[in-house]
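Going by TrEMBL, these are the annotated features:
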{"type": "TRANSMEM", "residues": "9-28", "note": "transmembrane segment"}
{"type": "TRANSMEM", "residues": "62-85", "note": "transmembrane segment"}
{"type": "TRANSMEM", "residues": "92-110", "note": "transmembrane segment"}
{"type": "TRANSMEM", "residues": "122-141", "note": "transmembrane segment"}
Amino acid sequence: MIHILRNSFGVILGLAAALAIIMLGITLDKNWIEYDYIRFPYEHWNRVIKHAARSEEVRNEFFAVLLFSCGIGAMVGGLVTAIIVKRAKKAYAAFVGFILFLIALGDVIFTPHHPTWYELSIMPVFFFFSWLGGLLTDVVTKKLAQVKL
């Protein structure tokens, strides 16, 4: 029972860390988000995407930074999750990437104005970077265990 709670807590904390980094990434430039949505842009996400897609240059810049911050966020989320769980670190990190992918897929399906290159690249970015976060934690944990022996 304690493992289920610990693993659930790890996944939730990993998702929170990933979403915080993604939000930080998209709020870097005040020209991407109109009005006062910069505090919490997820609340008005449809308007944020529509405003960011107003011109080709701004659109490509916004979605490139969004994709980059998704990768970094997935990696940090996978790292946080893998640090908290006891076993199957890479699997739980990939699970965080899968949940983030489902959120991004829902965004692409229900919100128009995404460029095609962004739609095609979200799956590999989320899975690879979240798995990489779990792998980094796994490697560091094994190295520390060898040093202690």
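Residue numbers in this text run from 1 along the chain shown.
Glycine is no exception: its Cβ is also placed from the backbone N, Cα and C atoms.
Keep in mind that what you see is a predicted model, and the values were worked out from it rather than measured.
Among residues of the same chain six or more beyond the transmembrane segment (122-141), those with a C-beta under 8 A of the stretch's C-beta atoms are 18, 67, 70-72, 74-83, 89-94, 96-98, 100-101, 104-105, 108. Long-range Cβ contacts of the transmembrane segment (92-110) within its own chain (Cβ-Cβ under 8 Å, at least 6 residues beyond either end) map to 7, 10-11, 14-15, 18, 45, 49, 70, 73-74, 77-79, 81-82, 85, 118-119, 122-123, 126-131, 133-135, 137. Among residues of the same chain six or more beyond the transmembrane segment (62-85), those with a C-beta under 8 A of the stretch's C-beta atoms are 6-7, 9-11, 13-15, 17-22, 24-26, 28-29, 32, 52-53, 92-97, 100, 104, 114-115, 117-118, 121-122, 125-126, 128-134, 136-138.
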